[in-house]
Structures are given as C-alpha cells and as structure tokens.
Amino acid sequence: MNTESLGAIFLNACLVNNFVLAYFLGICPFLGVSGKMETATKMGAAVMFVMLISSMCAYGIHAFLVAIDAPFLQLISYIVVIASTVQLVEMFIKKMSPSLFKSLGIFLPLITTNCAILGVALFQTNKEYGFLESIVYALGAGAGFTLALVLIAGLREQLNFADVPKISKGTALTLFIAGILSLCFMGFAGLGA
Amino acid sequence: MSIVIAIAALGGLTLLLAIMLIFANKKLFVYEDPRIDKVEDMLPHANCGACGYPGCRPFAEALVLKKSLPGKCTVSSDEGRQSIAEFLGVALGAEEKQVARLACAGGTNVAINRAQYIGVQSCQAANLVSGGGKGCFWGCLGHGDCESVCDFDAITMNEHGLPIVDVEKCTACGDCVEVCPKDLFSLQPISHKLWIACKNLEQGEAILEDCQVGCTACGKCAMDAPGELITMKNNLPVINYSESHNTQKPIQRCPTGAIVWLEDSGLMIKGKESRKIIRKGSRLMGNS
C-alpha cells in the first residue's frame, strides 16, 4: 500500500504531474475545445466526472480481476467501462443542455479515447492506491485537466483581440501558448513523487 | 478454465453496462422534431455555409424553428426552395442572387511578371514568396486556388490565367473569397453591374508598365458618374451601391477599361474610349 497523504496525492495529480502539461495526456480536447472559457469549464467538468466514475470502477474491476486470476482482462474492461460512462454523459448532456452538446461537438464522444482518463485508471493500479486514494487521485487529475483547459481558454480569449502576426494565428498560436504554459508548470517539477 | 472465466467476467461486465445504458437511453431520450430530417433531405447537402449556418442540418433546424427562411439557401433550385417553403408553410424569403466577382482583369496578355515563380502551383504558396512574381502587387497570381476550392465548378481559369466565374453555377458560398491571398474576390448582388476590376493602389501612367488594364486613378469615372455614386479613395474609384447605379455612363471615358459593366450572362463590357487589347499571347517585360 501507498503511504502518501490524500492531500499530497491530490496536489501531485493536479499540479506537479499535471496530466496535460507534464504528461502530455489528453491533448486533443486541450487544444480542440479551449477556444471559449464556457465550453472549456464544462468540458473539464465532463472529463472530471468520467475520470471519477472510471476510477471507482477501475478499482473494483482490478480487485475482481485479481480475485478471479484474470488480470490480462484489465485493459479491455477499463475501456468498456470508460466508453459506457462517456455514452451516459453524452446522453445526459444532450438531454440537459443541447447547446453545450453542440459546442462540445465531436470532442464529447472523443472523451472515450481520451488518454488522460485511461491514464488515471492505469496509474492508480500501478501505484496500488486504495479506494479513497483512487478517488482523490481521479479528482486531482480531473481538477488539473480543468485547470489547464481554463488557463489556456482564458489566454486564447484574450489573444483573440491581440494583434498577432497573421502567419501564427490559429493552431500555431495555441501550440505556442500551450508550450509556455507547460514551461510554467515545470516550476513544480520534483516537488512530488 | 481461464477462458471460461474470462468470457464470463467480460460478458457479465458488458451485459451490466448494456442494461444500464438501455435504461439511461429510455430515461434520457430526447425528442427531435421529425420535420428536421425531412427538411434536411430536401436541402442540397452541400454543407457550403452560404446560408450563414455551419451546414445543412443546422440550417434545417433553424428553418423548422422559423429562425431563417428557405430563400437563404442559394444552392437549392427554385423548385427545391419552393417545396421547403410549402412543406413548412412559411414564406420563401427570396434573396437576390449573389455572385463572386474578381477585382482584377490582369491576365497574362496584359500584365507582366517581374519574377518567375517556380514551386508549388498555388497562389497561397506563391504569395508567401514576396507576394508572388506578378508586376502588380495587388493582382491575380493566376495559379487557380479559387478554381480548385470551388465545389460547384463555377470557376475556370481562362487562357490568360484569370479565373472566370460562371454566374449560373456560382452559389455565393464564399470559398473563393476566403482562399484568395490577394483578397480579390467578393460576393456581390447580381444587380451590381458597375464594377471596378482593379485593386492597384498606385497612381498614374506608370502602372501601365505592369498592367495595361489597371486603374490609373485619373478620376474620370468619378466625374462622369451622377451625384456621389463614385468617389476616389486610395487611388481607386469606390462605387456607392446604395445610390442608383444602373448607368453605363461612368465606364465610357475610362482610358484603360478598369471600370466595367457586367451583364447578367457574365459578359464584360468596357467603355468606348478604353484601349483595345488585341494581344493573344503573354505580355513580356518591356512590351507596351
């Protein structure tokens, strides 16, 4: 068992080893839906929710698979759980907020293959976290993902009004600021495990 | 033994999740107006965006919600628009047809190249190299980006390397406007027959060295035009289309034929005093 305190686990997943800016996981929604602050926060919330559910399921499934001596089913069962959670979230959002459903567009079903989410499930298994620790870890990772999305969305909204060279507009500029953001997060490097 | 366990475990898991999703689907079912699908079927599926919506489906949704009118779709045939209007019981909302117009007439027979561009045959690529090789900095580069971007085959390059817009086929989707690195295309209502086919911001006879049909900013069209119809701005005439503009008078004294009259068929009429262009081949540097 791991002996880290819950607070340390949270900060580790959220800031020090931020999934997007330090591990390069989940880059596609990070670049794809960070154009507007409003969609960015809701995308962050959706990913966080899926992370939380899949993390809890992953803990149970892992224990179950170890019990029946079939750990080779780990990856496929995680993927099945994540895919169905995303399907559920998609239905929920379509019902509750059609406009959000539209603005998230293709990136909503793409959460299924968001590597950050499978990353959380696999890392927590590797690190042998208990149930509570897994939940805290998933929450931290989700918060870190949302934080990265909100930071870059804010910068991009401001840059819409800036006079930037025409050649660097759009994707190139987004990648520049993503790099600079990652540079900032490197300031946390080495503080956690 | 382990194969049975594996199948049972995974089968159980997926069955559980499937049941959960079946229930969720029933609980969270979203009712959609069936008319949206029908209207979408009636639209041309070009997804060109000329109506102002991202594609045909969002436009169909807007039509059903009466936020837009069938006439906004410039790609449909008249009967198509009419049948949508009848199906939804709304007004047609006819819009005046718009066409893409090119603000340049400098084909290879009248305009020279100061440098030869060798490379990817695309205007956007050529434009990155000091704005292309053309003598006139503002002129059409003639590599045909507009021709290839047009989904409706409405643009063809003529023998002098100038794009010619087929008024019948043009749906005013705006793709050529976006792709042209020199910003020469714009969408104009078809009733705007008076047209300045030049974007050269320089003044005087010197520009004729680069292009024989360029605007020398002599201002004769502005003087001849009734009222405030034409004003000179940045060495180019600017037509104020909000005034009555159904007159061929301004084009008559233009020495180069930079201001033209465009018939509905796409036929270009130049003024009487404009210089006749008889050269068929390319104009080389030094030829006048």
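Here the Cβ of each residue, glycine as well, is placed from N, Cα and C on the backbone.
TrEMBL has this to say about the protein:
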- A:6-33: transmembrane segment (TRANSMEM)
- A:45-66: transmembrane segment (TRANSMEM)
- A:72-92: transmembrane segment (TRANSMEM)
- A:104-123: transmembrane segment (TRANSMEM)
- A:135-155: transmembrane segment (TRANSMEM)
- A:167-191: transmembrane segment (TRANSMEM)
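Two recorded stretches are said to be in contact when at least 3 C-beta pairs lie under 8 angstroms, sequence spacing 6 or more; the transmembrane segment (A:45-66) and the transmembrane segment (A:135-155) meet this definition. Listed by sequence, the residues of this chain that lie at least six past the ends of the transmembrane segment (A:167-191) yet keep a Cβ under 8 A from its Cβ atoms are 15-16, 18, 21-22, 30-31, 34, 148, 151-152, 155-156, 159. By number of Cβ pairs under 8 Å, the transmembrane segment (A:6-33) is matched best by A:135-155 from the list A:72-92, A:104-123, A:135-155. Within its own chain, the transmembrane segment (A:72-92) has Cβ neighbours under 8 Å at 46, 49-50, 53-54, 57-58, 61-62, 65, 101, 108-109, 111-112, 117-118, 121-122, 125, counting only residues six or more beyond its boundaries.
Using a Cβ-Cβ cut-off under 8 Å and counting only residues 6 or more beyond its ends in the same chain, the transmembrane segment (A:104-123) has close neighbours at 13, 19-20, 23, 25-26, 28-29, 32-33, 39, 42-43, 46-47, 50-51, 54-55, 58, 78-79, 82-83, 86, 89-90, 93, 137-138, 141, 145. Residues 6, 9-15, 18-21, 26, 29-30, 33-37, 39-41, 43-45, 47-49, 51-52, 54-56, 116, 119-120, 123-124, 127, 129, 174, 177-178, 181 of the same chain sit 6 or more residues outside the transmembrane segment (A:135-155) yet have a Cβ under 8 Å from a Cβ within it.
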